[in-house]
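Colleague: According to TrEMBL, the feature repeat 'WD' maps to 66-109, 110-157, 158-201, 235-261, 262-310. Per TrEMBL, transmembrane segment is recorded for 39-57.
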Amino acid sequence: MKIIIKNWIRMLHIKLGWINDFDKLVIKYVKFFCISLNYKYVFVVIAAAIFMLDAFHSSSKLLKSFKGHTSCVGSIDCSTLDDCSLLCSGSHDKTVRVWDVEASKQIQLFNGHSNYVHCVKFSFYHYHTHRRNVICSSSYDKTIRFWDVKDNQQLDILNEHAGGVCGIELSSFNGGRYLCSSSFDKTIRLWDIETSKSLHVFKRHTNYAWCVDISPLQSNNNNDKINSIGVIGGNGYTICSGSWDKTIRIWDIETIKQLNVFKGHENWVHCVKYGSNELGINGGANTILSGSRDKSVRLWDIRSNRQTQMFKGHTNHVYTVEYSPFV
């Protein structure tokens, strides 16, 4: 375990993104002892791992600070493109900024939005298809915009929403070609980034559609089956959305039909997140994690259409959720 911790710290100085590799290593290490030793010693090993991790966290410190925005930062995303670690951010100051992580400096500023920027994402579709570093941003000005980092210009604008655009998410399938968005106009839209067209509009929410996510890549599909938008729904790809109407809804991408409605939150739903089978949970891709203004985090099972767990402890609104790789 000491060797693992030492190697982890060394990796920290080499690159960002080291945590996933370390997580997998620790899980395999603990599983090995679960098989090799009796349970009394297993608990000792797990306790030692937790103690050493806590010791590391207690000595952790701020590594980088990026200053430049003049108002609240609502969203960030990071990516390693052309061996360069980049961070992008969107703010209530109406700007999108790009930062060089290693140099700790701002390298680009986009100020084309006329209202708060709610969400920003790196577009890996543009990078892998056209070798361009592009950022996608959504704003309360009712638009979604694409920005070319290198050429410092706006590439495209999607403006069919009738209200401010809140959440955006890129597909894990088809090389990130599809984008879904949620809006104050109470709708969810699915877009084709390549053609800049709105493919589907999902209408059932009775209040602002605040957050959205697209189901994870299904590894059992072959490449021929995912080259067309027409077969995505048939292969089980869905969108989930959270709204100020206190519900979470599941939509079939191809048929545009509403599949599930989860009711339980007592206030606005701020965030939703699909699970993944890679988490080590059986049927993980059939789970949704949500956070709400009601101060709770809830886990839902898509197959049974039920809430399976509720986590309470926060004393204020929950704005973002994520699954732990240690599960």
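A Cβ is built for glycine as well, from the same backbone N, Cα and C atoms used for every other residue.
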Colleague: Within the repeat 'WD' (158-201) only, compute the mean pLDDT.
Modeller: 95
Colleague: DSSP on the repeat 'WD' (66-109): how many residues come out helix, how many strand, how many coil?
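Modeller: Tallying H, G and I as helix, E and B as strand, the rest coil: 0 helix, 27 strand, 17 coil.
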Colleague: Could you count the residues of the repeat 'WD' (158-201) that DSSP puts in helix, in strand and in coil?
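Modeller: Computed counts for the repeat 'WD' (158-201) are 3 helix, 24 strand, 17 coil.
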Colleague: Residue counts in helix (H, G, I), strand (E, B) and coil for the repeat 'WD' (235-261), per DSSP?
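Modeller: DSSP classes over the repeat 'WD' (235-261) add up to 1 helix, 16 strand, 10 coil.
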